[in-house]
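Q: Have a look at this one.
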């Protein structure tokens, strides 16, 4: 019988992380420089504000959203910040190298920082499916592979289908969900007997998770509009996302009450369902020209999120053999699919109204983008899951899943542990 004592990463983590950081510093030294152009001051301030909103979403929003576990709240917040910091650095370099041929010096602008932050957000979403099962060394591997896969996906789709930054990045919802669920499928599935309560939600951490959801709710319009160039499209994206998330909050509370026999509201349902409208409207937010359609999407998305959280966990555990600890795929995979379908329908209607006559071609292009993004996500997720199963990463023992004490220093007689 194997030992239940946690495997120490004292040597492995510092060696891996600091060596990687030193390599990144050298790459920045030799291959990057700041943009020397004089930007309009008003545009510069507006661009910085959007980047700041994305950073708040990533560091506080997603950091606290996954902190609701009874004995894994410290790790959830700190590990998210670690992945964000590492992912942004690698994404800036990768996006710069992939966007120019032949390779040369990478010019760092505020837009490139926004793009890198958005890429790093993909890892935070996917990691919600594996937090509690993995250590920081494994998360380093996951960050590098997923950011690389996402950047490659965007480059391939852009070259084949000639799509812009926004449409490329809005595949992020479905991409991250497929990637995270595939990685979780490759990891050891069931919790050991006697440890099932570790992934349960506690009252105070659940309130912290709701705080993270509130930050995400406030700044989701910035996320959906961050990579749009046209002022009209940015305005549409902000307005439509605002209405969609507003309706999804009302739907989340009402649907949660409806799903309970005594009509009580579940905080665990609320964490993700309040964001459902922002996810569903993301792909098509710049195409919608009337608020009612965004509100309908928010309503449908909220109902799907509540229904998925209530009825799908048992199905996923039994049929697919996965344990999505943060139920991220109910928020992002199903709603990302809804968003993709909505975008295809709107593009078809736009083609019909303009009398273009290219409906079939437009549908094929949209389905091709969607299929390619999903294929790359599943393939890279499978590769990452197999890599994370290697023993060299010193993964936590199954008896120590969802346990902060594996990674953190606590007082000798810590109450509650």
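Keep in mind that glycine also has a Cβ here, set from the backbone N, Cα and C atoms.
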Q: I'm validating the feature mapping. Which of 129-148, 149-168, 169-188 is tagged transmembrane segment in TrEMBL?
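A: It is 169-188 that TrEMBL annotates as transmembrane segment.
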Q: Quick one: sort out which of 295-312, 313-330 is the transmembrane segment according to TrEMBL.
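A: Matching range for transmembrane segment: 295-312.
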Q: Near the transmembrane segment (295-312), which same-chain residues lie under 8 Å Cβ to Cβ, leaving out any that are not at least 6 residues past its ends?
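A: Apart from its flanks, the transmembrane segment (295-312) reaches 243-252, 255-256, 259, 268-269, 272-274, 276-277, 279-281, 327, 330-331, 334-335, 338-339, 342.
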Q: Which range wins on Cβ pairs under 8 Å with the transmembrane segment (359-388): 12-31, 43-65, 169-188, 332-353?
A: 169-188
